[in-house]
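Worksheet for the structure shown next.
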Amino acid sequence: MPEPFNSTMPLPSPPNAQPKDEKVGLQDSNQPPEMSASSEKKHPENENRQSQQNLRPTESENNEPYSVHSSSAKKLMVLAASLAGFFSPLSASIYYPALPAIEKALNVSSTQVNLTVTTYLILQGLAPMVTASFSDSAGRRPGYAICFIVYLAANLGLALQNSYAALMVLRALQSAGSSGAIAIANGVVSDIITPQERGSYIAFASVGSILGPSLSPIIGGLFAEYTDWHWIFWFLLIFSGAFCVPFFLFFPETCRKIVGNGKGVPPFWNRNLPDILRARKEKQRQQRAENEEENANRQRSRLSIPNPLKVFVVFTNLQTVMTLCPAGVAFGSYYAVLTGASGEFTRVYHFSEIKVALIFLPMGVGGLISALSTGKLVNWNFHRHARKRGIMVARNRRQELLNFPIERARLEIALPVFCLGCVCTVLYGWLMTQDVNVSGPIILLFVMSWSFAAFYQVLNVLLVDTYPGRGAMVTAVVNLLRCEIGAGMAAMISPLTSATGSGWSYTIIALIGVAATSPLLLTMKYGMKWRQESAAKAEEKKSRMQEAQQRQEV
């Protein structure tokens, strides 16, 4: 590994400086970004030297790890959060095969039944904004508790009701309850995982939202074929109830405002069963007093009223918008292919309902493989860039990314796989106009699912990287765009195919994706520079505010 400091430029050594022969890691995040920005001004001679000096590690408070949880515990926590987020897409798509039966049973038109789908999608995009803001302040466990209480109650009502008005209202509540868990999942990852390890964990956190649209039509088709449509909601009630019991007994509070790196004792409403048992064993008043003092500032914020408009501050950052829109379009393309697949295979291959449901299985497998493979690619590229710059990556330590090209490290993986997905989308569309073996389109569906899921996951990682500690808030915004763009592209694919044919309709979908992702080339090239300029402006603004405050005090 190359020596990170240039010996021709002497650097001031703090009292606790490391020996010269030690390798240098990414700057510890406990040193605020403004210090890095100010140090750039002190040594403007060389950009490489400037970066190296800012990458010098600093001692964190008490030298504590970023998270006290073990690697296996973190994997279980992320898996549990991912399963919690699985219920929203599961509930959305499992409903589709039963629409004709519901239309007949309630004696309503297809347009009226489709309105329940639209209502679900609208709430699926809006509800996480409230949940994300609440969980960032009150904690992840209270956020999950509210989500599942609403979701379980809605499922029970849907299983018992027989009126259109009740169906409309309860589907909206079902959407509001289940969709909030998606945003909290990435918040959990942001709480316990450092950027250098985040790739694989974010992928696992996204697997629920990827598998849901692919697997749920199969389950819904089986219920619609062999049972009464009410059993769809009984199944969701039983499944979610069985999940909630172990989840709320053992899932720990992770919000850093509440428990820090996991060492702090959470308030009563944030405790799981091990926390309660541990609290009972703490008999020494001094230890309890120290824990209360340590968490006083964190607990003070837990009762703040959630502000759903707070998430829109993300849109004030142009670089973030340039990342958000491609993420939404990627999932929109996925939903467009998913929505059009049933009609295409019925028209071309005359598949029955069960066979049509089975074609979603390869897409689910593609999404699952994406979750298992994408994270490793993302982490590998992160470490490759670190080695290239002579940077030592510290495990389980949060490290400053101000002078690290995190955009390039992430997008070098994201852009090629998305291009592969767009090529497969075009090929799929034109194959459906030809009399070819069914295995060809199915293989392309598998590759498209892998590609779009991988691209979406990597952009999720990048967004969480650029908003540390606010993963739930960023994910809520991504979810909003994903749902609204997905609803639009899913609604567009059928009339577009009728007007232009399968070949040109999917070609247009691919071209929309290419156009939406082209700004990411600028992000990859200038992203680090933009972040540094933003940090410098923030430091300058902070200095002016401090000076103004000092003048007022005088």
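Heads up, residue numbers simply count up from 1 along the chain you see.
The backbone N, Cα and C atoms fix where each Cβ goes, glycine too.
Per Swiss-Prot, the features are as follows:
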type	residues	note
COMPBIAS	1-10	compositional bias 'Polar residues'
COMPBIAS	27-38	compositional bias 'Polar residues'
COMPBIAS	39-48	compositional bias 'Basic and acidic residues'
CARBOHYD	N6	N-linked glycosylation site
CARBOHYD	N107	N-linked glycosylation site
CARBOHYD	N114	N-linked glycosylation site
CARBOHYD	N437	N-linked glycosylation site
REGION	1-68	region 'Disordered'
REGION	281-300	region 'Disordered'
TRANSMEM	76-96	transmembrane segment
TRANSMEM	115-135	transmembrane segment
TRANSMEM	142-162	transmembrane segment
TRANSMEM	173-193	transmembrane segment
TRANSMEM	202-222	transmembrane segment
TRANSMEM	231-251	transmembrane segment
TRANSMEM	311-331	transmembrane segment
TRANSMEM	354-374	transmembrane segment
TRANSMEM	413-433	transmembrane segment
TRANSMEM	442-462	transmembrane segment
TRANSMEM	473-493	transmembrane segment
TRANSMEM	504-524	transmembrane segment
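Comparison of 231-251, 442-462, 473-493 by number of C-beta pairs under 8 angstroms to the transmembrane segment (142-162) places 231-251 first. Among the listed stretches 76-96, 231-251, 311-331, the one sharing the most Cβ pairs under 8 Å with the transmembrane segment (413-433) is 311-331. For the transmembrane segment (311-331), the neighbouring stretch richest in Cβ pairs under 8 Å, chosen from 115-135, 173-193, 231-251, 473-493, 504-524, is 473-493.
Taking the Cβ of N114 (N-linked glycosylation site) as reference, residues of its chain lying under 8 Å away and at least six apart in sequence are, in sequence order, L99. Look at N114 (N-linked glycosylation site): DSSP puts it in a helix. For the pair N437 (N-linked glycosylation site) and N107 (N-linked glycosylation site), the C-alpha distance works out to 40 angstrom. Of all Cβ atoms in the protein chains displayed, 10 besides its own lie within 10 Å of the Cβ of N437 (N-linked glycosylation site). Other Cβ atoms within 10 Å of the Cβ of N107 (N-linked glycosylation site), summed over all protein chains shown, number 8. Contact between the transmembrane segment (76-96) and the transmembrane segment (231-251) holds: at least three of their C-beta pairs are under 8 Å, each pair 6 or more apart in sequence.
Stretch with the largest number of CB pairs closer than 8 A to the transmembrane segment (473-493), among 115-135, 173-193, 354-374, 442-462: 115-135. Reduced to three states, the DSSP call for N107 (N-linked glycosylation site) is coil. When Cβ-Cβ distances below 8 Å are used as the criterion, the transmembrane segment (173-193) is approached by residues 66-67, 69, 74, 77-78, 81-82, 84-85, 87-88, 90-92, 119-128, 130-132, 135-136, 140, 143-144, 146-155, 157-158, 201-202, 205-206, 208-209, 254-256, 262, 460, 464, 468-476, 479, 483 of the same chain, each at least six residues removed from its ends.
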